[in-house]
Amino acid sequence: MRNNQPVTQNEFVIGEHQYLISRTDLKGRITYANPAFVEVSGYSREELLGAPHNIVRHPDMPPEAFGDLWETVKRGDTWTGLVKNRRKNGDFYWVLATVTPTLENGAVVGFTSVRVRPAAGTTAQAETVYARFRSGQAGNLRIRGGQVERGGFAAVARKIRLDTLRARLTGIIVLGATLLAVVGGLGLWGMSSSNGKLLRVYQHGMVPVSTLAVIGQKLDRDVLLVAEAVGSPNLDAMKRAGDEITSSLDDINREWTEYMASVDPDTRAQAERFNTIRQRFTTDGLQQTVEMLKAGSAEGAQQTYLEKVKPAYGPMRDELNVLTRLELTQATDLYQQSQKAHTFVRAATVIAVIGGIILLFVLGSVLRRAINHPLRVALSMSKQIAAGDLTVKAEGTGRDEIGQLLFGLTVMKNSLLSIVSDVREGIESINVASHEIAAGNTDLSARTEQQAASLEETASSMEQLTATVKQNADNAKQASVLAVNASEIAARGGRVVGNVVDTMHGISSSSHKIVDIISVIEGIAFQTNILALNAAVEAARAGEQGRGFAVVAGEVRTLAQRSAAAAKEIKVLIEDSVGRVESGSTLVAQAGQTMEEIVQAVQRVTDIMGEISAASSEQSSGIEQVNRAVTQMDEVTQQNAALVEEAAAAAGSLEDQAGRLRDAVAVFRVGDAFKAAAAHSTTVHHSASPQGQPEAATTVAPAVSAARAAPARASAGGATRTVTRRPQSPAPTAPAAAGTPEDAQVLQMAARRGKAPAGGSTGSTSSANASDSGEWEEF
């Protein structure tokens, strides 16, 4: 088991409305983590994605908890329990985690975990129990479905509790079947009892009475036959009567034997008394009379009949009647007992039927309320969620399947609430950023258009400057030619100095022309100086982009100043030469020396004009390059202006889309959860924006900085506190929470969890082959 170190004793309490959501693949690698989970864990999003989920495992968690988690999710069930996690800096935080398989096309492709803040007081119990598991002192405690349970008899007792709909429906069915069996059993027992009573009435009442009646009839007939035979003189008739009486006595003995076999103890004494009298009557009376009849002694038969048969017949018949009445009395008692048993069975059956109906109706009503009310709550909750109200809460959840349904709806609502809150926060950031981008693009578009206009003016000025520089270059070339001619003239003047007087007037004329040319040169230098000054002004207006042009303009201005100075000097010299020529003969003596100076000056002029011509050529080439660069800048600026317009249009479209998305998400009501997140986002936004910066300069930075700063900042609803561990108590009390809210049902949830929908068996197979408990992480 992974042991993440180091750890501290500082507890980080997550916010009440914070929902930590993550998804993993079958190997437990994190594939998704919502911002709340990233923030609470202390890791960055990049550190979490792709990492095993046990990166947040705390060493205080027992291995049994994760073994139970893995076994539960492999079955396709949902696992819910308290988990202690570790932050990146070693702090710890408690969560109530719910882990469910993620299904695609009926197959498990991963697992989703939703965590909320546990109820107050439950973490201390969990800390104690988990410590017992780690120290091997758990005893009969077990973790099943995330819940700590006791084994042994308590586990068996939990299995028969009617805390699920299945158990309640089964109980009602069993109760109905039991009532039906009881009513049927009562009916069968009543029928059997009635049948037994009737059998006893028949066997101990009707049969004996019938047998006694037959015996009485036969005795009566025997006496009658004896009376008739005694009075008849016919011997054959007497013998036939005797035979018939003998046969009748045998029948009577057989009937009596059958009667005595079933006689009741209460009537046996009377039966034996009657039998004694009957045997004496038969032996002493009838048999002697029959013997005499068979012997043909009519007188002896008559005497025996009169002395022994007739006197004994009446008492014997009375005893038989007493015995018959006794048998009838017993039959009547048996009938009355049968009636009482029938009445009892009928009353018991009616009571059982009525009681069963009432009990089934009461239990059915209780079950109906237990089903209908949570179903109405679930239906109302689902309708409110469908209508966008994510602040709805379940009024209460039970331990049955509907309670699990409500718990699942609560988990779904919490997950959806977290997603919608994140989406809303992102939309707000996008909306602010898109608005700032649109404003910045609008300002940039205006500035770009202004820059394009300035470049157009600069290009026009550069074209004018180029034309002027070209004209200056042409004039410089002409001046250079003139200077060369002047040099030749000066040379010829030196050669014809002897003829200076004759040519003085020509020299004077040429000097005047030179003065005019110098005036032209001086005018050109003045104009060049003015143009250079204008170019320097324009370069200064162009700023950084005109720095190079300013340097060139400065050089041109310097050359123009030098040309003006040279022209002025030449003008002075020419004026001096003209004065000297005009002075004529007074200076002829000095003509040779002066001509030499003139030749030198003209040579200097020629050199200066050459430099001016070269500089003008360089200036023309540089200005052409600047012109081309300005033209390219103008084209690029036009392209940038078009791109800025497109960006402004895109930003406007983004702002419209963000508004539509905000309107679409606005249907969801998230309550205080989004308010806390929005306040937190606003705080980070303002803290991330530098003071004194223009609005356009902070277009996207706040949202980006807030997103990057999320892992390191404290939660909006969370706080860190330092706690001191208490000595672990060996109390065997399992974690149990009283008064837990609907978002934090921890140790009171049922051990049985609802299976994942559609494909639980497939999910089990997939999960079983995916990993083992050693590769799994806690949630």
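Cβ coordinates come from backbone N, Cα and C, glycine included.
Caution: TrEMBL annotation is automatic and unverified by curators.
Record features, source TrEMBL:
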type: DOMAIN; residues: 25-50; note: domain 'PAS'
type: TRANSMEM; residues: 169-191; note: transmembrane segment
type: TRANSMEM; residues: 344-367; note: transmembrane segment
type: DOMAIN; residues: 369-421; note: domain 'HAMP'
type: DOMAIN; residues: 426-655; note: domain 'Methyl-accepting transducer'
type: REGION; residues: 682-779; note: region 'Disordered'
type: COMPBIAS; residues: 696-727; note: compositional bias 'Low complexity'
type: COMPBIAS; residues: 756-773; note: compositional bias 'Low complexity'
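Over the domain 'PAS' (25-50) the predicted model carries a mean pLDDT of 93. Within its own chain, the transmembrane segment (169-191) is flanked in space by residues 162, 341-342, 344-346, 348-349, 352-353, 355-356, 359-360, 363-364, 367, which lie at least six positions past its ends and keep a Cβ under 8 Å from the stretch. Secondary structure of the domain 'PAS' (25-50) per DSSP (helix as H, G, I; strand as E, B; remaining residues coil): 11 helix, 5 strand, 10 coil.
Across the domain 'HAMP' (369-421), DSSP assigns 39 helix, 1 strand, 13 coil.
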